[in-house]
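Here TrEMBL flags B:4-78, B:90-163 as domain 'Glycine transporter'. Taken from TrEMBL, the feature transmembrane segment covers B:6-22, B:29-49, B:55-76, B:88-104, B:110-135, B:147-165, B:171-190.
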Amino acid sequence: MFQLLDIIGTIAFAMSGALTAMNKKMDPFGVFIIAFVTAVGGGTLRDVLIGRTPVGWMLDLKYVYVIAAGFILAVIFRKKFDRLRTSLFLFDTIGLGVFTLIGLEKGINIGLHPVICIALGTMTACFGGVIRDILCNEIPVIFRKEIYATICILGGVMFFLLRELSFDNDILYLATSLVIISVRLMAVKFKWYLPTLENK
Amino acid sequence: MFQLLDIIGTIAFAMSGALTAMNKKMDPFGVFIIAFVTAVGGGTLRDVLIGRTPVGWMLDLKYVYVIAAGFILAVIFRKKFDRLRTSLFLFDTIGLGVFTLIGLEKGINIGLHPVICIALGTMTACFGGVIRDILCNEIPVIFRKEIYATICILGGVMFFLLRELSFDNDILYLATSLVIISVRLMAVKFKWYLPTLENK
Amino acid sequence: MFQLLDIIGTIAFAMSGALTAMNKKMDPFGVFIIAFVTAVGGGTLRDVLIGRTPVGWMLDLKYVYVIAAGFILAVIFRKKFDRLRTSLFLFDTIGLGVFTLIGLEKGINIGLHPVICIALGTMTACFGGVIRDILCNEIPVIFRKEIYATICILGGVMFFLLRELSFDNDILYLATSLVIISVRLMAVKFKWYLPTLENK
């Protein structure tokens, strides 16, 4: 189940990367690389910072194949993205939940403090998109719009609260991902934004 | 003493990051992340390149708290930055000196060549600002203006010269940071710049 | 021989970095740093991702000296680059071939899958240029123009095909670099481009 969700999230992230790159009129190699770093960038940064090397996608070819599939789908359906927007958004939201959990878990496994684990979860879920935007020469969208990363942090906090109450691991995982996914859906439906901070 | 200066430098770097991010009209999450990477980015890159993982700030929550404090101060006083400019500049200069020394020390500890140690010191002091500028979609300011990094290199060279003359560690540290801090103050006061190189 | 080609490639990459930075009117420190990351950026990313730390250039000062030489040459001859364009392009192409092979080799040495080794080779050859373009606030040129990275991938695939046929290592290396170098020369001569993908 978790494995399947991981794959769905990876495909969705790869497609979102490919889409952004095609908006910038890149060539197929550029589009593929952007798809790749969007999908694995967050996990790669996390692995490098905690010293888990060679990083994950080098040891499990599954990710390369899944991303290649996402890239091909994105290229084939590139004229029809408007109609696919809703499904893609749902997949992306699943990815957000699953990737946050994976990051939390890696941090817990090596005994890091909950605050740092939450940072790792958020990084895993959000940093692929940050690298995508930097490579496309944009200010990262998660710094300006949508309460994207904030939801990961919220999910992480809830995870550790429930854990204190010694819930079972399965429940913990299920509850955390459901919270992340449903808060994201509501945030977009009801247009919840963080205000921007200005010093002028 | 050194600990205290490290904290002052971290707060100043976090505030300079927050300030730049608020100029770009980011939301609070974006401002916090930029503050965070400005403060720890240089040390994180250094730790990753020398294989000292998990990187420093993951093992010592002090940095998270100090950066959070810097972020909150920057948000509260964001309309008054013009009046605070001088104190912030002083703190930033202290950070420059202290971070250079920390980088030099890590390099020496693992037996790297002085040239590489100086590179590590300069990286520790300057790369947070480079990542800040990349995330804000600007050409890094230290590549264009102010003899910022050059001062770290100068400080590093002096450190190893004094070390050859077998000065005591305390004197070495004190002398190096004083040189970095006072050259920076003079550079800004007397408007010392490096000329730009053009090929047109 | 291989050593010599590695040095030629490093100088060429450093000069291409310095040239781009001077087009952006950077100061000498900025130009040097861009030259440095263009030359070692790809190999550094590779080393970090596979956990080979401290990264290569920290353990062998040769690279620092070679890059410094490239930087000085670029500054001295900066008004004459139009006449030097052809030699620089040749050197750069040699670098492309040699760096791809070095990346392939590192991957094989630690037992990674051929697909990942090809990714490491391509990264070693191309990522310095990507970091250069990000620091100069441009969309990386290899994502938009020229079949640069594609040639590295092609070379990598050929390498593993010939290896299956159990050719000798020397022949493998020679054939792969010759293919990469000659395809690049032809690609530029006959203006081979990948089409851009657009979703509009």
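Backbone N, Cα and C atoms are what each Cβ position is placed from, and that goes for glycine too.
TrEMBL does not curate its annotations; it predicts them automatically.
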Which stretch, B:6-22, B:29-49, B:55-76, B:88-104, B:110-135, tops the Cβ pairs under 8 Å count with the transmembrane segment (B:147-165)?
B:110-135
Mind checking which residues of the chain, 6+ beyond the ends of the transmembrane segment (B:55-76), have their Cβ under 8 Å from one of its Cβ atoms?
7, 10-15, 18-19, 22, 28, 31-32, 35-36, 39-40, 43-44, 47-48
What same-chain residues lie close to the transmembrane segment (B:171-190): Cβ under 8 Å, and 6 or more beyond its ends?
2, 5, 89, 93-94, 96-98, 100-101, 104, 146-148, 151-152, 154-156, 158-159, 162-163
Just to confirm my parser: what is the rounded mean pLDDT across the domain 'Glycine transporter' (B:90-163)?
89
Run through the domain 'Glycine transporter' (B:90-163) and tell me, per DSSP, how many residues are helix, strand and coil.
60 helix, 0 strand, 14 coil
